[in-house]
């Protein structure tokens, strides 16, 4: 599997890297939060722009990304607009989603961009190509907040992301039983052993799936989401605890 290096962070080797969400609603909150995240032991930052109250102003969002990136300095910044259907805060049309991304790619300052697998295929490809021209890495993702698909389906979705030339392939699913957590881990391990030629990121959400956020080095997940203040998804572990657990479970 080839690794992916963004600034001084390498995904796909060693312990999973810790990424923490930035979920401020306005400029003051975001800049305060960004400064606070510098004091925390995390590797990357994810700016969830669907929480940002000016996100419908695409140039304002691009400009805000520059201010955040300036504060974060050498910490890589992932920009994510999570759509409502995949658990996000805001209803956006496909046009708004892709126009926002085009503007941020052209005029913002980001290192990685989150693109959802099940968006318009042609526009997804255009966005990936545009991002790659600017040396922005693509995290392609899929979320199921209701259930855990079959192992074969999880593997199939991750493989589809590779085919679309994502740099990092991510899936998050909701378990209804301990067996569902095992299904996610089996799919992750199968990807690692058989199919993955780039870093993958997987998680089983909620309290039940929390163990999956900690054992990535064993099964093959390259990144894990920790909570600094407000968790952006169910089951996120506080960063200080997470780092200690990752060290304990290191191979």
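Yeah, the Cβs are placed from backbone N, Cα and C, and that goes for glycine too.
TrEMBL: automatically predicted annotations, no manual curation.
Database features, via TrEMBL:
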type	residues	note
BINDING	46, 47, 48, 82, 213, 232, 236	3-dehydroquinate binding site
ACT_SITE	143	active site, proton donor/acceptor
ACT_SITE	170	active site, schiff-base intermediate with substrate
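Look at residue 143 (active site, proton donor/acceptor): DSSP puts it in a strand.
Cα proximity to the residue listed as 'active site, proton donor/acceptor' (within 10 Å) is found for the following recorded positions from 46, 47, 170, 213: 170. Least packed by the Cβ count within 10 Å, out of the active-site residues 143, 170, is 143. Taking the Cα atom of each, residue 46 (3-dehydroquinate binding site) and residue 170 (active site, schiff-base intermediate with substrate) are about 14 angstrom apart.
On a Cα basis, residue 82 (3-dehydroquinate binding site) lies 13 Å away from the residue listed as 'active site, schiff-base intermediate with substrate'.
Taken residue by residue with DSSP, residue 82 (3-dehydroquinate binding site) is part of neither helix nor strand, so it is coil. For the binding-site residues listed here (82, 213), the lowest count of other CB atoms within 10 A around the CB belongs to 82. Taken residue by residue with DSSP, residue 48 (3-dehydroquinate binding site) is part of a strand. Listed in sequence order, 21, 22, 30, 65, 68, 77, 78, 79, 80, 110 are the same-chain residues six or more apart from residue 47 (3-dehydroquinate binding site) with CB atoms under 8 A from its CB. Its own atom aside, the Cβ of residue 46 (3-dehydroquinate binding site) has 23 Cβ atoms within 10 angstroms in the protein chains shown. In the three-state DSSP scheme, residue 170 (active site, schiff-base intermediate with substrate) is classed as strand. If you draw a 10 Å sphere around the CB of residue 48 (3-dehydroquinate binding site), it holds 21 other CB atoms from the protein chains shown.
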